[in-house]
């Protein structure tokens, strides 16, 4: 008999109830009892939804008030000194939210005064962010937070078969950072393990039969000493009197396969969506007593599973494993929207191609039933439906566009190369643009005021005519251009008032994208995103930005930048297709953006910026796979940027803080100017560009837009002088480190006044 289980369920709620409750609590509009009730109701609803879908063993402990790693930090007592209560008091929900969000100076809280939040970073290669644990050399661990045990009691009281979910000790340590000294995090292991042992024994005392221990770092390139630690850790943890399932996901085990298969635990979960090739080897290597959980339903995307293909694997596995076979999604469904049933405006055909978390649980249950009751009418009907969906998608003219495919096949190497080398281009650009030394510009967006958002909303709802909406946006553009001229900026932007989001704005205008109404997923805390879905071949029916930029250019004699989002970022921040490669989708996007770049050039726009905020995010988890990704990602950028004349200057913007290991690929993009985020690192990031001898022009961000603080002219002069020690002055631009969309106008203007003054001071002393 195959058993249907789940690794984790989205916590936000069908209508983002958790987000709304969190934000009401932070504003003081909801008390703690009210917040806790929302959490309790959501957990009960989610467990019931999974049970109704046919899941037999339910994940418990996957709920978090902000982030699951942060929950573990509280559980283990890993609470930085700045958040600790008086006299060793137990942490509270206020402590948890303070660690996540920081505490403003002067605000009284029962745990801390002014304290900056913990660092946040990407959860492996997903678009979810976790709060990075902070470890000190003398770090002590102690069970300090009862949430897991309370939730197990809740689930059992509701009559559910509960499988608690905990992050494994080695993955938890790997995810954290050593603070205040150079020490090896592995040295903390012996202090941490007794807490795990205590947790497992308490769960056993609650009547728990199985616990899921997540060890996703087993799909990474691990140092030998971390590999060596695994067997020792699980030899210690096996003493606890309950069964343990080690869960791996987001990739294949590769050289860690033997290690994972032979850990002294009762079961192993593997991801067969990301790494189907590991299936035969794991089947041969798994000890005869051990459960094998096969992740066959994609937990990270929105497409309906090809049930027939999955059933073939399962029936083969059942012959070998018998009752030792479990079925699950590939990973936690945290990364999937909640319930496709909420979507009331998708057309029937397209909706039939999709599956959200509830539907993925139903798919898992049907797969288990296909093994256990192969002749059941329900199984036959589900397989027939799945076959029809797969056949329909394979031949649908909505998906497959011969003209787009022909254009991709016709791409020649020369299409992704500029006409001349940078040295020749820049000479022509300088002559044509006639900019001063240390030219000043901004990254693209200006403050999105309530008036802008209201106008956009009214237009979408049909309450504002198109003519009135265009005039409202023109008014905002006039305002932005006037302010920039008054400030004395050299290269202007139109301010992006008409754009809701840097991906959504373009996706709405491209064929091959569709939008859901309720396809929300958690990014972090209360922040939810609703990625667009790429369902078919991508193309641009008509110009997307030209009218706005042309209008802005008509208001000034200064140079106006065109502003676009690059192909890699468009892809990374969407739910991609599964029937063609990411490389193919990136090329289709690149061709669509290339058309827009050429239209901007034809409209006499002399500078076009193509943002690639997510370029680094696309890097695979294993370094061996980096070269292939970097090759197609840089080629996609060059393809969208290389159709223009030498005289047209291409800019790109990247907002992250690690360039050393991808600097060659950034150079290979061959943008004439790259603007980057460097202010918080005090220009140290430029070391990578200096060492590599980066040949093109650079705009290192001279102030941090994420802070409302207005930096002084002197600070920016100092940063620019530092930059000029690493990068020749004639190749330096002066700009903030990111777009100004989230800031208010007064602080924006004040900061830009000082930035322009700093550039002028440097020109005067050059």
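Placed from the backbone N, Cα and C atoms, the Cβ positions cover glycine too.
Taking a C-beta cut-off of under 8 Å and a sequence gap of six or more, residue 706 (active site, proton donor) has these contacts in its own chain: 738, 742. As annotated by Swiss-Prot, active site, proton donor applies to 706.
Positions annotated as 5-methyltetrahydropteroyltri-L-glutamate binding site by Swiss-Prot, on the basis of sequence analysis: 16, 17, 18, 19, 122, 527, 528, 573, 617. Just so you know, the Cβ of residue 122 (5-methyltetrahydropteroyltri-L-glutamate binding site) picks up 14 other Cβ atoms within 10 Å once every protein chain is counted.
Secondary structure at residue 443 (L-homocysteine binding site), taken from DSSP and collapsed to helix, strand or coil, is coil. Per Swiss-Prot, the feature L-homocysteine binding site maps to 443, 444, 445, 496, 611.
Swiss-Prot lists 443, 444, 445, 496, 611 with the feature L-methionine binding site, giving sequence analysis as the kind of evidence. Sequence-distant contacts (6 or more apart, same chain, Cβ under 8 Å) of residue 496 (L-homocysteine binding site) comprise 444, 445, 446, 563, 739, 741.
What Swiss-Prot lists as Zn(2+) binding site is 653, 655, 677, 738. The Cβ neighbour count for residue 653 (Zn(2+) binding site), using a 10 Å radius over every protein chain in view, is 27.
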Pairwise CA distance, residue 16 (5-methyltetrahydropteroyltri-L-glutamate binding site) versus residue 677 (Zn(2+) binding site), rounded so that it is a whole Å: 32
Number of other Cβ atoms within 10 Å of the Cβ of residue 16 (5-methyltetrahydropteroyltri-L-glutamate binding site) across all protein chains: 18
Minimum Cα separation from residue 677 (Zn(2+) binding site), reported as the residue among binding-site residues 18, 528, 611, 617 that achieves it: 611
Cα-Cα distance linking residue 655 (Zn(2+) binding site) and residue 528 (5-methyltetrahydropteroyltri-L-glutamate binding site), given in Å to the nearest integer: 20
CB contacts for residue 18 (5-methyltetrahydropteroyltri-L-glutamate binding site) [other CB atoms within 10 A, all chains]: 24
Count of other CB atoms lying within 10 Å of the CB belonging to residue 738 (Zn(2+) binding site): 25
Binding-site residues near residue 443 (L-homocysteine binding site), in sequence order, restricted to 18, 122, 617, 653 and a 10 Å Cα cut-off: 653
For the binding-site residues 443, 528, 655, the one whose C-beta sees the most other C-beta atoms within 10 angstroms: 443
Rounded Cα-Cα span from residue 611 (L-homocysteine binding site) to residue 617 (5-methyltetrahydropteroyltri-L-glutamate binding site), Å: 14
